[in-house]
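Features reported for this protein in TrEMBL:
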DOMAIN    41-378  domain 'UDP-N-acetylglucosamine 2-epimerase'
BINDING   499, 509, 511, 516  Zn(2+) binding site
């Protein structure tokens, strides 16, 4: 770094770093070391407030002193109570105490980190006193009150150093000036990426978890209250501890932060005897450099700390993120979300899935060079520039991540087969299993059919909830698939294959036309011919009987043909020939390599279709293979496969 830039007025750039708790210090410390290493350029002032000065939270200001930083001001700003009112009073107390300190220090730039209520007080005071604010880690989304605080600080801040490209886009969409945003990466990554292979990590593991604990055979648990839903977050904490007790692995449990609800969480921990349990080590604070090693070599990390969705990804450590506190944050594939952590079994199952795995290391939040970028960025700040902001309104891209519910639920589709005789609806799983099937006679009118289809689908959707099936979409059988896509046609009338006309003078079809394949070859067509023969006393042969109460159908016609009834044989031959002619037309239009016949009549049509193809098809299409499907419900399975393939297809 060179001592130059718009700020230079013959004196150093006065930078005030304010830290409120152990978490934000881990992000600020690398920058503080960087500032300290360039005394010819920067003048560093350190202000400590918040839970750093609370004994119950480890008096963590001492680690700042151990790092040999001079603390210029210590402000006791926490009103105890650990509830919502105490948080508000703490913000008010900080606002009362900060003006004197900021006026005395008169910094050129105030560094504020993150989304804590203490940081909101810092940003509010500095903005009102016309002190330039550099906000670290703005633009991220986590799904709790922290979002509101973080975005509020971003609106008060004049400059931003963000960790990810997505966070940068979020700030731009929030009207922040693009030229005042630095895509730096996370400062803590500078240290943790270089410290990943520290030689004494086994000693650190043993010192915190015991001499008998091995690498990747322990769990790190860190769960904080969700201030917008304290009751539920305490319930999740209790369920997490129950699951960890059942899982029976050595576990390092860190006490929650000072947010509203933390007192109740500590009570839960003590009621369950966690501090005395042989499998648990409960601690208030672990120095960051040691905490890095514990996370890097853990068999799993569980809770809702941002460390789980951020720093842990750099090591490929498996993470289970519980509840909504980090909803929306970008994560690597190492993170499994259990947003509705409403049962002990669900969390236990997540532990079974994640514990002991290793994932590819992720650098979503940084590449190890954040501090150098931030120092250069501060040098470039023009102190003569007005503080008034500029505005713009670009779009923001949403983030996608995996969820435990998608794993525990059976991904399924609703398949619909609109047959001539029956309407069939089925819940079909990803593995091709028909979970439940519904069959109803096909009504005669279009309106009745649509109404019945909707009724059957509604029933299936209701049953799917009880069967633990997640319905991804609805597929209707019958159609042409090209390049894995269903051909619809301009008016959604494509692939009405049953209504290909094979004879100008053929029987009337249900569609109103004459000579369609369906009029010759469908189950209803054969039933019609069987009834005609029966009425003329031409159906029954020796060995056949039809009960007076029994309705004559296609099966009777097939049985009669098998028993040598020439009239029945003629009907089946005509039906097979009609189907064969229709298929020849399809071969000439689409030229497929394979024809699969399905349904109860398929076996009876196989040979006639082959004969017609050999006699009528062009030479280039005569080699097309014809076979009968062995599947029980091919139309339903085919319809379902379209939905399941499309909705689960990965996009990159």
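Positions of Cβ are set from backbone N, Cα and C atoms, glycine also.
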Check: Any idea which of the binding-site residues 509, 511, 516 has the thinnest Cβ neighbourhood at 10 Å?
Finding: 511
Notebook entry, point to check: Within 8 Å of the Cβ centroid of the Zn(2+) site residues 499, 509, 511, 516, which other residues of the same chain have their Cβ?
Noted result: 496, 498, 501, 510, 512, 513, 517, 518, 519
Note to self: I want to check the contact list for residue 499 (Zn(2+) binding site): same chain, sequence separation of six or more, C-beta distance under 8 angstroms. What comes out?
What the structure shows: 509, 511, 513, 516, 517, 518
Margin query: Looking at the domain 'UDP-N-acetylglucosamine 2-epimerase' (41-378) alone, can you tell me the average pLDDT?
Written below: 91
